């Protein structure tokens with residue numbers, strides 16, 4: 001049993017830890033909102049690009065949305081545990097933070113190792129979609145049209161890729177290749193965008209995914225601070241038998 005004088009000396013220290021941990025938990029909760037927003041933004045703005053990758057890639061925005069939701073819930077739990085000054089709840093909070101940190105670390109490593117597969121997967125799927133393209137609007141053909149309209153490009157490497165497709169042999173270039181709106185280029189190469197879409201799309205994906213990766217890495221490193229603070233406060237409460245009056 002700690003002496004009353006020692007407990008009086010440790011109260012300011014523990015109060016300081018609680019204040020800092022509450023500030024951290026609030027910021028951590030905000031990062032959950034940011035991840036949630038990034039996931040929703042990725043789902044909306046990058047959906048066309050993800051649809052031309054493999055099926056697993058389409059789950060990336062949902063992973064961010066799920067992670068953000070978990071962080072929001074965990075941040076709420078951490079705030080409650082800190083206010084209650086419960087040693088076992090703080091230990092549980094630190095354990096959950098550690099678990100999420102390890103999951104994010106593994107995901108980052110896997111993403112870095114297989115980053116080149118994104119280029120290969122997108123290029124092969126884009127080429128396959130061109131060969132199977134139709135103007136009636138399956139989701140991949142629709143994604144090709146949206147990409148070509150948005151980026152003002154045509155084909156994979158350039159407009160000539162369309163000449164090897166069934167659609168070109170029947171109807172010519174699709175309208176999404178047009179330089180101007182509502183044109184009917186058919187087979188007139190002067191009326192279509194000459195640049196291919198692959199390089200443009202890869203530039204966008206790499207820049208946008210760089211933003212996502214940077215935010216995710218920052219959140220993961222920030223969790224180390226929470227793990228340290230939670231452990232220190234829990235240990236101080238346990239060792240000194242701190243009680244809330």
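A Cβ is built for glycine as well, from the same backbone N, Cα and C atoms used for every other residue.
Where the annotation comes from TrEMBL, it is an automatic prediction and has not been curated.
Look at TrEMBL and you will find 154-178 tagged as disulfide bond.
Per TrEMBL, transmembrane segment is recorded for 21-42 (among others).
Same-chain residues lying 6 or more positions outside the transmembrane segment (62-80) and placing a CB less than 8 Å from one of its CB atoms are 21-22, 25-26, 28-29, 31-40, 42-43, 89, 93, 96-97, 100, 104, 107, 212, 216, 219, 226, 230. Look at TrEMBL and you will find 62-80 (among others) tagged as transmembrane segment.
The annotation transmembrane segment is assigned in TrEMBL to 92-114 (among others).
Per TrEMBL, transmembrane segment is recorded for 211-233 (among others).
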Of 154, 178 (the disulfide-bonded residues), the residue whose Cβ has the fewest other Cβ atoms within 10 Å: 178
